[in-house]
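Feature annotations, reproduced from TrEMBL:
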type: TRANSMEM; residues: 12-34; note: transmembrane segment
type: DOMAIN; residues: 24-421; note: domain 'Ammonium transporter AmtB-like'
type: TRANSMEM; residues: 54-76; note: transmembrane segment
type: TRANSMEM; residues: 88-108; note: transmembrane segment
type: TRANSMEM; residues: 120-139; note: transmembrane segment
type: TRANSMEM; residues: 146-171; note: transmembrane segment
type: TRANSMEM; residues: 177-195; note: transmembrane segment
type: TRANSMEM; residues: 216-233; note: transmembrane segment
type: TRANSMEM; residues: 245-266; note: transmembrane segment
type: TRANSMEM; residues: 299-319; note: transmembrane segment
type: TRANSMEM; residues: 339-357; note: transmembrane segment
type: TRANSMEM; residues: 397-418; note: transmembrane segment
type: REGION; residues: 443-464; note: region 'Disordered'
type: COMPBIAS; residues: 453-464; note: compositional bias 'Basic and acidic residues'
């Protein structure tokens, strides 16, 4: 593609971010306020208990998204600085953008947006979708393109979440459908529209090294440890939250063990693939989100974790090369294997769990509690009758279809917009290289493996 004069793209990022932050400051000054403190002592104690109940889980999620996910993306040996920095930038940009949109949509009363920790938490869930989606195009896009993805994806996520959670009434406490499935197919749509039908050969700078794989695996371990907080934070305190934590731990433990088994069996010499470990170990956490707080035996969580890990590993081994060969689909981080396939498996499991939970252990049926669907607490306790359970299972399937179809269409449109020349997509020879965006010490003297002095000089001109 034709290169732009260096001044224009180099100034586009700080100008756009500066305008965004300035507009956000003005919006907060005019419209945003905190909830008024309670004057009654018993109400104040209730607020304090709620804060102490949610803030430790909130902190865990912060560590997951900023540290764990950032390190997970450092498997590209010459793109680690960019991966962590862009992840951090997109997290903050998307969270602030979601706060504005959510405030106007749900929390705007008497000319004011009332802000609390719950609002910030749900805004960060919207940011998660962006962080997952951009994994499909990691290393081949400029920061300006990534900001466009975030700008488009956050309102679409909020609209689809409203449609499938509020109107369809799906049960998805851990975001299996609303976050993982949605973000996966949005990212794949972006990738397909941006890179077109031409199959791209492997880039010389995208092969992981032992050091980059080790660093990425540390990110996996951080995500693995804190994942139960992500799933359980929005559950009702008490039995439902306790159940969600236990089910998530069981599913992730099973997926970790099964990943080692599957990866070893698929290799002729019985050796493990670092990429399989980095992703398959987390697959159980993706799949369990839709059923985490439901009444089901512990063995079901173990089985779902194992099945999701197998789906993830087989996806890396067979499906990703097939999609690249037949559809020319680029998926740099394998988000379809970690988020798409386990997400679909978890959605199917939620429908099955709802149908099975409508019967007690003796086989008798509970009386119907709703002519249309059951709510989350009823499904969690197995109190949906035949009619309610059947319709709720259909709602789960419909929600999955809406999430896949809506996100894929929106991703294709967003990817088409990213082809605009002003967004400064990096040239192919400078993809997966930190020198395009960072001042690397002695970079002109030591280009590093896979690079040349000519490429480094070109990087200085093309920095975006």
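Note that the numbers count up from 1, one per residue, in the order the chain is shown.
Using N, Cα and C of the backbone, Cβ positions are placed for all residues, glycine too.
Pairs of Cβ atoms less than 8 Å apart link the transmembrane segment (299-319) most often to 245-266, out of 88-108, 245-266, 397-418. For the transmembrane segment (120-139), the residues of the chain that approach it from at least six positions outside its boundaries are 54, 58, 61-62, 65, 69, 73, 76, 79, 82-83, 86-87, 90-91, 94-96, 98-99, 102, 145-146, 149-150, 153-154, 157-158, 175, 179-180, 182-184, 186-188, 190-191, 194-195, 203, 206, 233-234, 330-335, 339, 411, 431-432, judged by C-beta separation under 8 angstroms. Long-range contacts of the transmembrane segment (146-171) within the same chain, counting only residues at least 6 positions beyond its ends with a Cβ under 8 Å from a Cβ of the stretch, are 13, 16-17, 86, 89-90, 93-94, 97-98, 101-102, 105, 126-127, 129-130, 133-134, 137, 177-178, 182-183, 186, 190, 290, 294, 350, 354, 372-373, 375-376, 379, 392, 395-396, 398-399, 402-403, 406-407, 410, 413-414, 417-418, 423. Highlighted: of the candidate stretches 12-34, 245-266, 397-418, 245-266 has the greatest count of Cβ pairs under 8 Å to the transmembrane segment (216-233). Two recorded stretches are said to be in contact when at least 3 C-beta pairs lie under 8 angstroms, sequence spacing 6 or more; the transmembrane segment (177-195) and the transmembrane segment (397-418) meet this definition. Outside the transmembrane segment (88-108) by six or more residues, the chain places 17, 20, 24, 27, 31-32, 65-66, 70, 114-115, 119-120, 122-124, 126-127, 130-131, 134, 143, 146-147, 150-151, 153-155, 158, 162 with a CB less than 8 A from a CB of the stretch.
Model confidence over the domain 'Ammonium transporter AmtB-like' (24-421) stands at 90, taken as the mean pLDDT rounded to a whole number.
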